[in-house]
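Record features, source TrEMBL:
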{"type": "BINDING", "residues": "Asp28, Asp74, Asp213", "note": "Mg(2+) 3 binding site"}
{"type": "BINDING", "residues": "Asp28, Asp74", "note": "Mg(2+) 4 binding site"}
{"type": "BINDING", "residues": "Asp45, Asp74", "note": "Mg(2+) 2 binding site"}
{"type": "BINDING", "residues": "Asp45, Asp122", "note": "Mg(2+) 1 binding site"}
{"type": "BINDING", "residues": "His52, Glu263, Tyr320", "note": "substrate binding site"}
{"type": "BINDING", "residues": "Tyr104, Gly121, Asp122, Arg148, Ser215", "note": "ATP binding site"}
{"type": "BINDING", "residues": "Asp216", "note": "Mg(2+) 5 binding site"}
{"type": "DOMAIN", "residues": "26-140", "note": "domain 'PurM-like N-terminal'"}
{"type": "DOMAIN", "residues": "152-305", "note": "domain 'PurM-like C-terminal'"}
Amino acid sequence: MEDEFGFIRKITPKQHHQESLQEGIGDDAAIWRPIKDSEQVVCLDTMTEGVHFTRRTMSPAQVGHKALAANLSDLAAMGAVPEFYLVSIAIPPSWNENELREIYEGMDSLALQYSVDLIGGDTVSTEGPLVVSVTVIGRVENGVRLLRKNARAGDVVFITGVLGESAAGLSLLLNNKLSDDVKPLLAAHQTPMPHIKEGRLLAGLKQRIALNDVSDGLASELHEIAEPSAVSIEIERDKLPVSEHLEKFNSEQQLNWMLYGGEDYKLAGTASLETFEAMKQQFEECDLQIFQIGRVTEKQSAFVYITDSNGKRALEKKGYNHFKK
Ligand SMILES: Nc1ncnc2c1ncn2[C@@H]1O[C@H](COP(=O)(O)OP(=O)(O)OP(=O)(O)O)[C@@H](O)[C@H]1O
Ligand SMILES: Cc1ncc(C[n+]2csc(CCOP(=O)(O)O)c2C)c(N)n1
Ligand SMILES: [Mg+2]
Ligand SMILES: [Mg+2]
Ligand SMILES: [Mg+2]
């Protein structure tokens, strides 16, 4: 690595896509003009080598892709249109400049698909593992609030895609079980696609919808809706759609990955039956997936239950937790 200034020059985009951008990379901070009748939405998520990826589980380009995708997924969960991103990178000596460029290429090619512009960041050295933090900024129409606290008794519980593929992919990578037929599972783990289009459809309905993206696992995300909404949620085992790529694994393994695996970056939420019917129709028209998996039950302390042929049991708020392993 020559020096950080040369590196920043190399990763500076040659053009931008957002007309609202006034000043991007190159000064002390970026400037943009918020678009009329919309509100700004912002969030930040970090990926750390050894925790979120290793050199064995992900290539540098995949690390870049996933760091941005995880953030775009949070914007999707707010129904927002992504506009800008900023990247903080702490670089250990073990990573060379080519690999770092590849991380940015991974982000760049995903960003291009959504016309999202890189407008700033920070570059530092570290003696610890590689750490990439991405901040994304987007906008949503005034008043649209797809909040976790929006669930009400009687609502339908839905998800916008199959779950568990990423955790299965990770398990195969860690156990070196790599064959052509598992490629979709590896891709689900290494290059997940954020459900931006799904989030925009949900925002466009202008209805009360509780929404969350699945980063830590379905069980954990449903608790994150049940708690602030002060409701309980009941899902049905048989209604959880099983990915065709998971069919060869046994039912218990599938369920474990679907409920607790995480990093799926699909959306999970609740809405009234009427809103759900409208949703279903629009998703169908756009060739997008949506599945009803349960109901929000009586107002009571925040529990999440699953029912199957053996009856009903409470699901723990288990899933990926950085401080409980
Ligand atoms: N270190 C922190 N300082 C300030 N706010 C934080 C910090 N960590 C998380 N938050 C805030 O807490 C809330 C929940 O964050 P959390 O990271 O659990 O959600 P998430 O990003 O959707 O999940 P995940 O990180 O698993 O993808 C968000 O409002 C987030 O901005
Ligand atoms: C090498 C390796 N080991 C384990 C995992 C699993 N993992 C790490 S973080 C996380 C939750 C999402 O993170 P966050 O909550 O920070 O958004 C999960 C499921 C992985 N991806 N790579
Ligand atoms: Mg987070
Ligand atoms: Mg989230
Ligand atoms: Mg998390």
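Just so you know, glycine gets a Cβ as well, placed from its N, Cα and C.
Projection of TrEMBL feature records onto the structure.
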| residue | record | Cβ contacts under 8 Å, 6 or more apart |
| --- | --- | --- |
| Asp28 | Mg(2+) 3 binding site | none |
| Asp45 | Mg(2+) 2 binding site | Ala67, Ala70, Asn71, Asp74, Ser133, Val134, Ser215 |
| Tyr104 | ATP binding site | Ile11, Gly64, Val87 |
| Gly121 | ATP binding site | Ile25, Leu86, Val87, Ser88, Ile89 |
| Asp122 | Mg(2+) 1 binding site | Val87, Ser88, Ile89 |
| Arg148 | ATP binding site | Ala210, Leu211, Asn212, Glu224, Ile225, Pro228, Ser229 |
| Asp216 | Mg(2+) 5 binding site | Gly262, Gly319, Tyr320, Asn321 |
| Glu263 | substrate binding site | Ala70, Ser166, Ala167, Leu170, His189, Pro192, Ser215, Tyr320 |
Entries of Tyr104, Ser215, Asp216, Tyr320 (binding-site residues) sitting next to ligand 2, with Cβ under 6 Å as the cut-off: Ser215, Asp216, Tyr320
Including all protein chains shown, what's the count of other C-beta atoms within 10 A of the C-beta of Asp74 (Mg(2+) 3 binding site)? 23
Counting other Cβ atoms within 10 Å of each residue's Cβ, which of the binding-site residues His52, Ser215, Tyr320 comes out lowest? Tyr320
For Asp213 (Mg(2+) 3 binding site), the same-chain residues 6+ apart in sequence with C-beta under 8 angstroms from its C-beta are Ser73, Asp74, Ala76, Ala77, Pro194, His195, Glu221, Tyr265, Lys266, Leu267, Ala268
Which binding-site residues from the set His52, Asp122, Arg148, Asp213, Ser215, Asp216 come near ligand 5, judged by a Cβ under 6 Å from any of its atoms? Ser215, Asp216
Given the substrate binding site residues His52, Glu263, Tyr320 in the record, what is the largest Cα to Cα distance, rounded to whole Å? 11
Look up Gly121 (ATP binding site) in the DSSP assignment and reduce it to helix, strand or coil. strand
